[in-house]
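Visitor: Could you have a look at this structure, given as structure tokens, before my questions?
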Amino acid sequence: MQLDGLFLSTLRAGPVERRIALRVVLLSLLVFLGVAPFAKTSLTAQWAFIPAYEAALIVTDLITTTLLLNQYVSLRAPSLLALAAAYLFTALMTVVHALTFPGLFAPQGLLGAGPQSTAWLYMFWHGGFPLFICAYALLKRRDPPVGSLPEAPRRIWPQTSALLAVLTLPVLLLGLLATRYESWLPAIMDGNRYTSAMVIVVGTVWCFSLLALALLWLGRSHSVLDLWLMVVMVAWLIDIALAAVLNQGRFDLGFYAGRVYGLLASSFVLLVLLVESGMLYRQLLQLAGALERASLFDGLTGVANRRAFDAGLQQEWRRCSRAGHPLSLIMVDIDYFKAYNDMYGHPEGDECLRQVAQSLKTTLQRSSDMVARYGGEEFAVLLPESDAAQALRLAWRVNGGQETRLFGGEDAVLLEVPAQAGCDRGQ
């Protein structure tokens, strides 16, 4: 089974996907332009907002990480591993950020947090994510070519454990730097207000996000996943602008609006991955149906194959035996078929088999009757609830229908189709 179009990371973005993404971006920018002039408006401090917002972020990012790791296991694409790392990094940083937020769990925050800790963790968090996106964009060039699905995909847990172990160290180091060693960092908060140094710091973080957006945009061909990551980066830029550039400090309109954009940015990829999961389930159902049809029907004639016939015969035999009802079987063999095949060629022989199969199907009058290709030029007709006399009459109709059918034009070979009927009555 080919992988092209099976995953969002391999499905090329079409006009429909581009229009939807563009509309989302335009709507986001429109709301941003409406909110931006009022970003400094002071609002009441809603302490329940922070844990609810960050809990939603953590859950969303962890689910997204799991879905991306599953895709990495299937595709072996390094870029997907980098993208999964991006979302796991944000989930871990969000945990540390919530624990150090002043007034949430403790007056100064936990983990030995100081007045600058939460703000610096926000910057590390919002600067680290776009760097992982840059890694994703660069690693896409090294992804293996799309081929067939591996027969036995590896388990996700080794990759998850390794990724968690690798990312825990930088998160711990950044957490220590922002808490125990915050004196090494310039002050960017004065109470709930920003200092002048914030401009330089947030400008750097903004540049990282712009770089990630540019690398995604300059990619040679955009997948659906690339397209929505660009939407994510636009929302990420708006988040930083409202929550750290245009506002004055905590608990103003920009503070709240920026975090809403941050939650949306975190959710976009999850939403499209969930939509993809639904699409994959539909494709799986279609594939299962196609495989079932292929396993039960003869590809040339369209009637049931030997496997379906054997299963149907066993089922009807048991049923009729229990109920004491008759069960009849007609075996149909096309005489001189080899001579016909040798004279007119295999294409004409195939057409002959198709016409005979169609004639047999037309002769049957009940949906419970079964026509099957038994093998080669032999067909079987299974007749539940039919005694020997009924089967014999049908056999004569079958035989007569084939004798009036000529194949091969002026040099036609008359195909006689002798039929034999057998009847078994269950006790």
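Cβ atoms here come from the backbone N, Cα and C positions, even for glycine.
Pulled from TrEMBL, these are the listed features:
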- 20-39: transmembrane segment (TRANSMEM)
- 45-68: transmembrane segment (TRANSMEM)
- 80-99: transmembrane segment (TRANSMEM)
- 119-139: transmembrane segment (TRANSMEM)
- 160-178: transmembrane segment (TRANSMEM)
- 198-218: transmembrane segment (TRANSMEM)
- 225-247: transmembrane segment (TRANSMEM)
- 253-275: transmembrane segment (TRANSMEM)
- 325-427: domain 'GGDEF' (DOMAIN)
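Are these features on the surface or tucked inside, and what touches them?
Guide: Tertiary neighbourhood of the transmembrane segment (20-39): same-chain residues 13, 227-228, 230-231, 234-235, 238, 241-242, 246-247, 252-254, 257, 261, 264, 268, selected by CB-CB distance under 8 Å and a gap of 6+ residues from either end.
Long-range contacts of the transmembrane segment (45-68) within the same chain: residues 80, 83-84, 87-88, 90-91, 94-95, 97-98, 101, 103-104, 156, 160, 250-251, 256, 259, 262-263, 266-267, 269-270, 273-274, 277, each at least 6 residues beyond the stretch ends and with a Cβ under 8 Å from a Cβ of the stretch.
Outside the transmembrane segment (80-99), and at least 6 residues removed from its termini, the chain residues within Cβ reach (under 8 Å) are 9, 50-51, 54-55, 57-58, 61-62, 64-65, 68-69, 71-72, 105, 109-111, 113, 118, 121-122, 124-125, 128-129, 132-133, 135-136, 139, 159, 163-164, 166-168, 170-171, 174-175, 225, 229, 266, 269.
Counting only same-chain residues 6+ beyond the ends of the transmembrane segment (198-218), those with a CB under 8 A from a CB of the stretch are 119, 123, 126-127, 130-131, 133-134, 137-138, 186, 188-189, 226, 229-230, 233-234, 236-237, 240-241, 244-245.
Long-range contacts of the transmembrane segment (253-275) within the same chain: residues 8, 24, 28, 32, 35-36, 38-41, 43, 46, 49, 53, 56-57, 60-61, 63-64, 67-68, 87, 90, 224-225, 228-229, 231-233, 235-236, 238-244, 246-247, each at least 6 residues beyond the stretch ends and with a Cβ under 8 Å from a Cβ of the stretch.
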Visitor: So what pLDDT does the domain 'GGDEF' (325-427) average out to?
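Guide: So the average pLDDT across the domain 'GGDEF' (325-427) works out to 74.
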